[in-house]
């Protein structure tokens, strides 16, 4: 790093800040605790490698992060003090949040009691409302991006994927898919254009659920089920949620962005307006954590006991086909699937073998079933495969030449997982795995081209969060 060294071998940046311990690292930056030499004040310094930023094409993203942080001065948003640069490094000098990540505090408890969860949620909503009033949409809200100061107050951070009003197209919508899968709104998944404010509100709803429950509302091992649950807002509240909290969540996690609750309406709700008391007066651990051991069964029982009118209202909203639209993230500099590919909490290892043993592949697309079948037929014809259209969205391809284990036989199955979104599974049903790998690399992947939204498996991004209702795992 471009740092001066004092006689005591301390690392000093530009004669002004003494660098301390590493707090965290991202793809292109590291964050350190540091001290201002003139005053001894603790700060956090985010250090970017200029060459890596330029090589990755994320220069505009870094500039946007600076612009956003200079716009947003709020007690619940991490403050940017100054920006410095040398030939090889860029330094963001920021407010230091000594309480660490909210995620870390949550991981030490099975869940938060409702008064504690409400306190954090109130602070989050006031911060998000202020950002929106300044034309800033965060687009990656999650517990890992919520820090705590010495008093335990919440601070929103990491505006690297944020958007400004100036990024809207002529239709007044954002079109870059980004964010972290489990927290991303359905309309972002559908990738047609979305209101950044409404997408942030959905993420706030997921965060509130996590604070109250200790696990994610949408967290399935099966990609098809995951997509469907998110787009239909299919989740279950555990029995310890109050009626008012459940009603608020139903409005926050409304799959239709046009009818999803607004921030002003959130603030008007009696549940939100309840006065908070200092954290010192509240237990940070739920009084009956043992209930988590049977949370799935308890949730199912509680669902049966829900108020009929409320349940009907939720079911009606779940069936809405949205008129607006990542994961995500699809790179503006990085987008939904790219971010997903970096998420260690996502795992398709059971479905996809290592590259040398590949016998299956899966991709998502926004093309119609007819277009998908037509393209697969073209691929079969070009590769001298026979082609058979089977029932229930399945097609079969069979090679004309025998390999070491006979002719290569392939089956493709098409699943509709959301409005205008299909997932296609392609698997070897006969022949040799090396022949399938050659087919995948040389014929299938190149021929599909732009028809594919994203590949899952092998050298491409995995998509599925690991484990159903478990305590949340950290997502990058």
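Including glycine, each Cβ sits where the backbone N, Cα and C put it.
So that you can see what the record holds, here are the features copied from Swiss-Prot:
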DOMAIN    17-272  domain 'Protein kinase'
BINDING   23, 24, 25, 26, 27, 28, 29, 30, 31, 46  ATP binding site
ACT_SITE  140  active site, proton acceptor
REGION    158-187  region 'Activation loop'
REGION    296-315  region 'Disordered'
DOMAIN    299-353  domain 'NAF'
REGION    358-387  region 'PPI'
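Most buried of the binding-site residues 23, 29, 31, judged by other Cβ atoms within 10 Å, is 29. Across the structure, residue 29 (ATP binding site) and residue 140 (active site, proton acceptor) place their CA atoms 17 angstrom apart.
Here the region 'PPI' (358-387) has long-range neighbours at 191, 223, 348, 351-352, 393, 395-401, 408, 410, 412, 414, 416-417, 420-428, 433, 436-437, 439-440, 443-444, 447-448, 451-458, 463, meaning same-chain residues at least 6 beyond its ends whose C-beta is under 8 angstroms from one of its own. Here the Cα atom of residue 25 (ATP binding site) is found 17 Å from that of the residue listed as 'active site, proton acceptor'. In the structure shown, across all protein chains, 140 is the one of the recorded positions 25, 140 with the greatest number of other Cβ atoms within 10 Å. Mapped onto three states, the DSSP output places residue 140 (active site, proton acceptor) in coil.
DSSP assignment over the region 'PPI' (358-387) gives 14 helix, 9 strand, 7 coil. Between the alpha carbons (Cα) of residue 23 (ATP binding site) and the residue listed as 'active site, proton acceptor' lies a span of roughly 20 Å. Cα of residue 31 (ATP binding site) to Cα of the residue listed as 'active site, proton acceptor': a span of 18 Å. Taken residue by residue with DSSP, residue 23 (ATP binding site) is part of a strand.
Model confidence over the region 'Activation loop' (158-187) is summarised by a mean pLDDT of 61.
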